[in-house]
């Protein structure tokens, strides 16, 4: 640890007391709705035997990630809005950064695995039980978490071994690496290059696999004459594709670019989209477009 900075200070979303209170209420409601939606979806999948298939195991992992993502950042932001407690220790910032990058990276890999799962289910339905077995499903799910943690470990070690000896105000409401990197006293060119290359290779690779999977799915659907099969495939795959587009669009705009294009105000808005809006919308998208999930949710709500 070469740092002489013992803590960082977040730049608040607003300095006006009445605006801060309004934002606190708004973000608290969004966070509570996100927690409620994802916990309900997790409960529905875990308690319904009909949903113990690979697709829903991957979906439960996605819900867990959507639960963790805002939990890492939002409570600290709410504390800053209500109590004006904007400071975070160096070690606290490091832990928040590591956790968030791990969750974001894991979700990218998980969405890729889910796209492959849907490709096998639609294009090779007879072989699906043997190809995507329970063992392979568990291995793929564990692999996405391992890859996300290793990717985060690399990013965090590159950023937080730099020297921080001057300004300590982070132009964001959490410890994201573009604004943290901007505070370093060291030369950050080599660090930025490594991060950009790693994020570009992993992100673009995952994106290509996802896009190719859905192109194959679309071609397969168009080649079939049965309206019922088409509707079911569109309903299931449409949910995955909508979630993937929301998540990839916002994360790529935030991370896969050089630091000289960093804009604090714009990036706060973009980070809220993938950090708060996407985790809120994901359970809604899946519950509205999936008949089996809707039935399971009704049973869970009925029991409650």
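The backbone N, Cα and C atoms fix where each Cβ goes, and this holds for glycine too.
Between the listed ranges 136-154, 155-173, TrEMBL ties the annotation transmembrane segment to 136-154. Between the transmembrane segment (136-154) and the transmembrane segment (20-44), fewer than three CB pairs separated by 6 or more residues in sequence fall under 8 Å, so the two stretches do not touch. Comparison of 20-44, 56-74, 94-116 by number of C-beta pairs under 8 angstroms to the transmembrane segment (193-221) places 94-116 first.
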